[in-house]
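The structure under discussion appears below in the form of structure tokens.
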Amino acid sequence: MEKIKGIFSVPQDIRDQFWNQLLASNWKMMFVISIFAAAAQLVNVCHVLILSSRKLETLNNRIYFTFYCVFLLLNLLFLAAESVGKKRMSRRAAIILQGTYGIIWIVWNGLLNYYDILASDWENNNTSVVVTCLLGASIIIQTVPLYAVCTYGLSALLFSLAAYPALQTGGVINVMIAGVMAVIVSWAKYQYSLKDLQKQHTIQKMNEKLGAEHEQLNLSLQKFQFVVEEMDNILLEWDMEHGTITFSGNWKDKMGCDKVITDVEKWFKNSACMDRKQKRELLRGIQSAVKAREIYETEIRIFTQDRDPEWYLLRFLFQFQKDGKVKSGIGFLTNIQRQKSEMAQLRSAMNRDYLTGAFSRKAIQDYAQAQMEHARKDNSVAMIIIDLDDFKQINDHYGHPFGDQVLKKTAEALADFFHGNGEVGRIGGDEFMAVMSPISGSDMLEAKIRQLQRESVTVCGEKGEVRVHFSLGGALAQRGESYHSLYQRADTALYQAKDRKKESCEAKSSRR
């Protein structure tokens, strides 16, 4: 029972909006219909009185004339009531007036169609008048399901019963189908209107809630701004409606810019506190956050008045109007330069070998893989593995502290040797790896290895001076080759060189 009641009743929370919308829509449509109907009946009256050869002499003409006059009068009365009492009458009276006019319209057309059938001695089975009337009313007039069932459905049923002897089965089916379709169309319009109003109601409630939050935010804004100005943070309010930005006082102290920006578009274009790429990314991010109605958060680099770049964390909250348009935004800039510097130092320390300062094994591997992925052609990346000759004997004879000094000196020498043409990392014990990119080909690799072969590292200690030489193995990367494959080939080249003799070298070019 409750489900049936729900179909025929308007929800309480949107009832007022529903009836106001229904009445406003129907006033417009019925005003146009009544003028058209009155004009049509006036033409029909003139046709009977002037153009008809027998005028009012026959009973048939007098009956049609009566039909036309009655409907003309009813439409004129509706127009008069609509113009005089539309703004004064209560909602209940307006509903009754519109509902009555709809019933009169359908009844008049039904009676006219019924008389057409009677006047033709039941030979005229044309039901186009009543069918058109039912479907037209359901499309033009907005109403509730109960009214549609009682008006459209009942009218179709009564007309079919009254005209059944003439219509027979086919005509009855046509009229009943028209009645059912009219009810369905009216019900579909009713459901669409309810869903639309419920969405509007939900949005309205959300906007009211946001409005209340906005008022609460404004009340605490001054206190909050005072606290912010005492901290190393910057508060900003972007009035998107008027195109202005207001910053807290420490903005001018740090950036040397005005606290109030009156032309945001011009400021974004000419301001030197951010580079162009940063500006584009910031504006795109804000637009996406506004569309998604979410808080925008990002890290931005801002140049101070001394042209020193500092990193800030920006959190931006948007405030929307009742119509859904963004009104303003409150931003909070937190200086994270110290955290950024500490993180950079930490990453640098993690990427460096603790003893020599060269790249760690993982860091040099990551560097090699990155160079290989971005290589534009074959043989543009080379790997050289460097092994210190007789390092174990140096450790055993001079001691491990001296051996550490040898490793440090070797790392420094290799870094100088490959400076501008690659990076060097310690991959374990007395082994180092150099990754060269770009490189023109095997000739350049072989020349580099021969040049490095002539180099040596000299370290002075308490027991005398030690001159350290290298054994080398290198390989050129092929397009699409993995890091491990290239490493294996360079390592193989190293051991082939060591097997021949110390201080020898071998360069292994790309496989064909």
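Numbers here mean position along the shown chain, with the first residue as 1.
For all residues, glycine too, the Cβ spot is worked out from N, Cα and C.
Listed features, source TrEMBL:
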TRANSMEM  29-51  transmembrane segment
TRANSMEM  63-81  transmembrane segment
TRANSMEM  93-115  transmembrane segment
TRANSMEM  135-159  transmembrane segment
TRANSMEM  171-190  transmembrane segment
DOMAIN    379-510  domain 'GGDEF'
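DSSP states for the domain 'GGDEF' (379-510), grouped as helix (H, G, I), strand (E, B) and coil, give 56 helix, 41 strand, 35 coil.
A contact links the transmembrane segment (29-51) to the transmembrane segment (135-159), because at least 3 Cβ pairs that are 6 or more residues apart lie under 8 A. Through the fold, the transmembrane segment (93-115) approaches residues 19, 23, 26-27, 30, 33-34, 37, 63-64, 67, 70-71, 74, 78, 81-82, 85-86, 126-130, 132-134, 137, 141, 143, 147, 151-152, 155, 158-159, 162-163 of its own chain, all at least 6 residues removed from its boundaries and within a Cβ separation under 8 Å. In the predicted structure, the domain 'GGDEF' (379-510) carries a mean pLDDT of 87.
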